[in-house]
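Down below is the structure, laid out as structure tokens.
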There are 2 protein chains.
Amino acid sequence: MATDASGEPAETADAYAELVERFERINGVQGAAGVLGWDQQVMMPEGGTPARSKQLSVLSSLSHELLTDDRTAELLDEVESLDLDEGQTAQLREMRREFERADAVPTELVEEISETSTEALGAWEQARAEDDFDQFAPYLETLVELKREYAEHIDPDRDAYEVLFEDYEPCLSLERAEEILETLKQTLVPMIDEIRTSDADVTTDAFDGAFPEDAQEDLSRDVLSTLGYDWDRGRLDPSTHPFTSGNVYDCRVTTRYDESDPLGGLMATVHEFGHAFYNLGLPEEQFGTPLGESRDLSVHESQSRLWENHVGRSPAFWELVTPKFAERFDTDATAREAYESANQVYEDNLIRVEADELTYHLHIVIRFEIERALISGELDVEDVPEVWNDKYEEYLGIRPETDANGCLQDIHWSHGNFGYFPTYSLGSVMASQLFNAAEDDIGNIYGTVRDGDFEALQTWLRENVHEHGSRYETNDLVREATGEDFTADYFVDYVTTKYGDLYDLEESV
Amino acid sequence: MATDASGEPAETADAYAELVERFERINGVQGAAGVLGWDQQVMMPEGGTPARSKQLSVLSSLSHELLTDDRTAELLDEVESLDLDEGQTAQLREMRREFERADAVPTELVEEISETSTEALGAWEQARAEDDFDQFAPYLETLVELKREYAEHIDPDRDAYEVLFEDYEPCLSLERAEEILETLKQTLVPMIDEIRTSDADVTTDAFDGAFPEDAQEDLSRDVLSTLGYDWDRGRLDPSTHPFTSGNVYDCRVTTRYDESDPLGGLMATVHEFGHAFYNLGLPEEQFGTPLGESRDLSVHESQSRLWENHVGRSPAFWELVTPKFAERFDTDATAREAYESANQVYEDNLIRVEADELTYHLHIVIRFEIERALISGELDVEDVPEVWNDKYEEYLGIRPETDANGCLQDIHWSHGNFGYFPTYSLGSVMASQLFNAAEDDIGNIYGTVRDGDFEALQTWLRENVHEHGSRYETNDLVREATGEDFTADYFVDYVTTKYGDLYDLEESV
């Protein structure tokens, strides 16, 4: 056996290198699938679906096969017995997790879930269009059963929902997630109730009028440039649902334009910027390996929400942006009026994606409670509409009159994505904690935001979040960045202060 | 062993199905790479190259591995011994050919060629920019040697150039290709010589002026719609080099816009339409299998040239299109003037891609003769510039003053693509033969072209070329469509009549 200078077997390094190369291959296939997905939503002509579906399904099964191949298992075992440095250890942890999850679930079950989801999607679309939950119910029931089975393959001894949650948030405990969601509920239910009866004079009409699409696109480009988007590594296109796609070299954002709602599109642009700015800050030297990937969904959402809420919905941002509106549109709203309109609480809104920064989280809490009860078996599918409506009445003081505006509004369950919703709220909460720490370190961020200077904030996020890739698990990442465990405290402070001021609320909230 | 109702082993059908599925997988990977390639040229931000190169290289090696896997060989052998119908036999012929070529060449050699090409491309770019052939010569020499080696792996007993030619045109004999190119030379050298001294008064300035890019794009879209492009399965974008990419469900074209040259862009659009219209007419039921693919490069080029030359450069087309020019641009050229300008012979032009329909083929003949002599060893790389210049003087009556405008002008040799150039001319020749047969069957195609009615021609091409996919080998396809073997006769008739009329040439040419 050959040895290197240190006397260690040369195959040590070889096995690690082979393992990394294998994961780089998998990443290459998944990256290709990512480009195909972007193209499908942004560029592909309608007729292209049959070919695209086939291409994506081939890439998905190839990547699964490469990941679950016997050779992957052998190499993981071999490398595990070696003396690894800290980065290699983290690399191996991420590889092992990916492998084990993929390996635990039989391919047939994955395919069954995928096929059922395709059927469920069609049924959901029709059920929503016809406001008829019964059409969707049998598919939802099957998906709940299949997902329970899926969780059982991964770990038969643990709570199935906990296992499913880890698909989206593998290294944050469900217990902490639950605590945080419970805090949100305890804080926001009374706060929104008080806002409902507040007689504060909040401007709500700064964005009334007509806002041509071309000028909105131009504004979005201007704002992206101002925030620091690297156009050499990105692009902006319109799509029905805004999203971000790509890697450290090429990360693209999409947004939407509604001529009667310039705020929605602009906030979507700022939100997607946050996602893209994260990916564009990942460590290049780890590109293509698990360590070079972003941390999971809550952290990703923390980046989009930080830019959307803490930057994009701040008074300083509206001082910066109001002149940009005046240049392009027929509007004379002041920065303060724009700020108030951008932060008004829609206390009668039933639709999650149209919700404001406060009520949003109750939409999430309701979904979380319902899907948790569905997976545990405490709640039957047939009872979902009634429970949904009761919870809306209890938490938000409004009751949906149709299921289309109630439990049929979101696409996620038709994909079988149970455990996904919480990451939206967790991301907002994490954004508050990170922003607070950045402000402690930098001081007076809003002073520079007002001037369109984002450099200090960019650098802080690069150094404290992006450059770490997947080196730290979620809570460790938060602790490294902020000095504290992941907590809802800063979010509670943030909304209490902000909305206390806007709506003249009692201090005690 | 299980048997089906006919008493045949059930595994018969199984082996064939498994083989088809395997090739569908390969096609899925290659299709994905096609989308990535399109995106790279049309959409990708500049910085995306490192990630894209990695993705493409992973897809390329996966597709190679799937193709040359032992299981592919086993299945091919197994299926070969079965009783196959005509379609299955053709399917197997195509699969076998693909497999054998890929299997014959060692992966290391393929990679060495690929790496050398990457370096050669850089060297070629610099050599061309600095007009210094010596910088490119060593790379060209290495590529010639590597490609000889490549050919020897495939068949050590045959002429290496013949083997290389089959990479692009696997089922047309080089002998026939040579005869056709020789005929072109014999016909065109004297014809162009006579045109040079012709005192015919051909309009050359119908496209002088300024033609805004937006209006050119609008014109291209209008013409694509008129020709019958299916926008539900395609799209048009600008790119530096026009190209077509896609399959029967989604086939996209690109074109270029030069504000001082509206003709170049429009002809590129019509040319690419021909390529796309072919792919969009392939048999859907064979999608993803070799039989569902287009026949090789000459046939593909026949489709683009048929639309570009026989439709797009006809008097009837200019009667249709001249009003479209007048609507969009500040021009009052008549249809006849536009037709003449679109068909003027540039007898002093040194650049292949700027050549007219006649001189074009002498550019090809020169490259063909030189690359054939390079591969056989009759010509040394160092002598290429002089031989090149001598041939330009002999065939076209002009002598390049620089290598940048001479033997360094084309990218192909830096890719190691020896054997590719002839397919351009073969395509034009085939286009003439096919168009002649279509006219015989339909009668008076130009009468309908004038009215913007292309239905009869579309249907003829669908039924006689596109729908066959790869069922017939090249010459058989031509014979099925026209009743005759592939011949240059119709091309010679076509140019003799057309340019005899334009330039008042003697009948005897």
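Glycine too: its Cβ is placed from the backbone N, Cα and C atoms.
Please treat TrEMBL annotations as automatic predictions, because they have not gone through curation.
What TrEMBL records for B:Glu272 is active site, proton donor/acceptor. In this structure, B:Glu272 (active site, proton donor/acceptor) is part of a helix by DSSP. Counting every protein chain shown, 26 other Cβ atoms lie within 10 Å of the Cβ of B:Glu272 (active site, proton donor/acceptor).
Feature annotation from TrEMBL assigns Zn(2+) binding site to B:His271, B:His275, B:Glu301. Sequence-distant contacts (6 or more apart, same chain, Cβ under 8 Å) of B:His275 (Zn(2+) binding site) comprise B:Thr244, B:Val253, B:His300, B:Gln303, B:Ser304.
In this structure, B:Glu301 (Zn(2+) binding site) is part of a helix by DSSP. Summary of the Zn(2+) site environment: with the site residues B:His271, B:His275, B:Glu301 set aside, the chain residues having Cβ atoms within 8 Å of the Cβ mean position are B:Thr244, B:Glu272, B:Gly274, B:His300, B:Gln303, B:Ser304, B:Arg305, B:Trp307, B:Glu308, B:Gly427. Annotated pair B:Glu272 (active site, proton donor/acceptor) and B:Glu301 (Zn(2+) binding site), C-alpha to C-alpha distance, rounded: 10 Å.
Residue environment of B:Glu301 (Zn(2+) binding site) contains 25 other Cβ atoms, counted within 10 Å of its Cβ in all protein chains.
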